[in-house]
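Data first, discussion second: the structure below is written as structure tokens.
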Amino acid sequence: MSLFGTSAGFGTGGTGVFGSTTTDSHNPMKDVEVTSPPDDSISCLAFSPPTMPGNFLIGGSWANDVRCWEVQDNGQTVPKAQQMHTGPVLDACWSDDGSKVFTASCDKTAKMWDLNSNQAMQIAQHDGPIKAIHWIKAPNYSCVMTGSWDKTLKFWDTRSPNPMMSLPMPERCYCADVVYPMAVVATAERGLIVYQLENQPSEFRRIDSPLKHQHRCVAIFKDKQNKPTGFALGSIEGRVAIHYINPPNPAKDNFTFKCHRSNGTNTTTPQDIYAVNAISFHPVHGTLATVGSDGRFSFWDKDARTKLKTSEQLDQPITACCFNHNGNIFAYASSYDWSKGHEYYNPQKKNYIFLRSAAEELKPRNKK
Amino acid sequence: MGRKKKKQMKPWCWYCNRDFDDEKILIQHQKAKHFKCHICHKKLYTGPGLAIHCMQVHKETIDSVPNAIPGRTDIELEIYGMEGIPEKDMQERRRTLEQKSQESQKKKSNNQDDSDEDDDDDEAGPSAQQVVSVQPQTGYATPMAQPGMPPVAGAPAMPPGGYQGMPPMMPGVPHMMHGMPPAMHGMPPGMMPMGGMMPPMMPGMPGIPPGMPPHMAPRPGMPHMAPAPAAGAIPSRQAAPAAQPTVTKPLFPSAAQAQQSASGAPASNSHSTAASSDPPKATFPAYTQPSVSSSSSTSSSSNPSSSTVAKPPATVTSKPATLTTTSATSKLIHPDEDISLEEMKAQLPRYQRLIPRAGQAHAAAPSVAAVGSMMPPQQGMPPQQPGMRHPMHGQYGAPPQGMPGYMPGGMPPYGQGPPMVPPYQGGPPMGMRPPVMSPAGRY
């Protein structure tokens, strides 16, 4: 379905809602601005699954809220609802049927938000902030997986206050991704664990990190048969590793690439290396998008090992990104990620979420 | 893949001394890094070709090959892949590699990180992570015990038990074994000879000697992972490009979990060997550890990652003059502490206020209001920016039940979880929140 069918709603630089906006560096790509963005840094974005008609976007922020917008075909965004936690929201995800949103927060709880009734109830409790939350839909069970800074990975049946299962991790959970039957968790101290989710979740393998710096984001990709086969792992050192679980030739198949760095060709000045804040795979093309602290997003084709596009530089880091279920929309959030410490935090600076038409730019490059 | 004679069987780049799996990749590398026009990015085939192109097309002269190490920048030398390399450089390379293979992984610290993959956006280099990296720290006791032993490389394999890879290298090993405990005590004195041995061992690796001492440090509790990685590392080291130490294949479970934990190896940037670096760092601070750990470690809290110094290039032991493909310094835009950005931000008082369980509506309510203001008192900002930030509660309060877009079907029962039906839906908190908010109409 074409999201931005007419040019009316799209490409006008998001001027619609907030009156006239100049083309300053807050939106150099002239993408559509989502209306009523959160008041503090956006930690996560997620689009509704294909089981629901239409596109709904949820975004969690450090303002303790999770907001939901409807994204219409003409590009207009309509705020629909929001829920609150008592601490910053770090992650959010949808259930497979699109009726619930699960949110994870620094207040050590996770909530299940029923969108129809706009009620949210707590479904999980940890001893530390919950950094990652994912919905698992297996043939014989369904549950919510939460990864926390308390070094545990817990699985919750939403009806019970006690977890169905709790797996210890070597370190604090920094990021995770789930594509049934595989789950990957990256922890502090460069830990990397793969879980298999069939029958019940269990640790499958601990992997030596392909990266030498702190892990920051991870995203699973699938093979041509739509089965999860590997993951992309991003670090704070402007680098992403593409890692296959069982490749025929690990030395050749696994690789890393640098990204989100300044001074591409100019070698005289020191290069600034930025963290990769999020990675998302296009659901149809299998190409990936990375967003970084440098305020740019880039699209890559991991099979052709080429870069497809890099955006202009926004004036703030890009902290989150996601594709909608059919890959027509790419959403990314512009807000401060603390990469330069406390001094550069300006609470008055606006936070944005932008939407971009993603059908064309993420087409794979033909292999040479 | 077992590699014995790297220079003959393993192609390497004359301009920057990097190793490659095959010549095709080597040529791709040269075209992308050394024969690429900096003006128009056209990839030429040779150095002279690049020079001619720049002259004819851009009217610019270039006098040195881009990204080449000093001494190898001659633009007029016609080198393509492995062809055209001057014989004396070949011999020097052969010698260097022989020495390298004798010393095994201890030396691998030099070539790290940035050189591991092709940086360009269009190319990805071979993953340097594949190869097992040796735990340099292991087996240092042995060198101590054998001042006369030329092959320093044998040291890693020394630990009692597994010498799989070692025998060819350390004929005197068994004797060493017994002598190890006493040797350990005598480590410091024993280290001197080792230190002296190092330099002659590694003419090609100027960076290594500084890295050696930390490994030499006496290890009363010799981690038992030592034998495994050491033994396993040595043969596998052959497989890796000499400059690119990579992941250790743990042979022992303890190694496995150790691997998860640490990051920077003391003497090398090798990621996987980080595991073994942790114990040494704790026990042997006296040696060069500080210089090594400060530069290379990114994980341990005692070694905060430097935000101003490039991690790989900055390490004492890494990056001998031969290696850097990019500029010498780079800057990691990240605060010093090696915790995640979210953890740093969460430490701020304004985000800590609301940690009490959300179940306490009363407690939560006022704090929600406080949060709603968004601006902690310390910042001295008005609670909200009128006109700019809308809490949007008005809108949200309206359609709590009217979500036409959501399919009501299949809603599982909420169950009897903790009674968390918070007032957050919109009414009460909204009332508290926006004293200063003047929602400007629709927006």
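Backbone N, Cα and C define each Cβ position, glycine as well.
Here's what TrEMBL has on this protein:
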DOMAIN    B:13-34  domain 'C2H2-type'
DOMAIN    B:37-58  domain 'C2H2-type'
REGION    B:82-134  region 'Disordered'
COMPBIAS  B:85-106  compositional bias 'Basic and acidic residues'
COMPBIAS  B:113-124  compositional bias 'Acidic residues'
COMPBIAS  B:210-221  compositional bias 'Pro residues'
REGION    B:210-336  region 'Disordered'
COMPBIAS  B:222-235  compositional bias 'Low complexity'
COMPBIAS  B:254-270  compositional bias 'Low complexity'
COMPBIAS  B:290-330  compositional bias 'Low complexity'
Long-range Cβ neighbours of the domain 'C2H2-type' (B:37-58) (under 8 Å; 6 or more residues past either end): 31, 65-66, 74-80
Residue counts (helix, strand, coil, in that order) that DSSP gives for the domain 'C2H2-type' (B:13-34): 11 helix, 1 strand, 10 coil
Model confidence over the domain 'C2H2-type' (B:37-58) (mean pLDDT, whole number): 89
DSSP residue counts for the compositional bias 'Basic and acidic residues' (B:85-106), split into helix, strand and coil: 20 helix, 0 strand, 2 coil
Secondary structure composition of the domain 'C2H2-type' (B:37-58) [DSSP: H/G/I, E/B, coil]: 12 helix, 1 strand, 9 coil
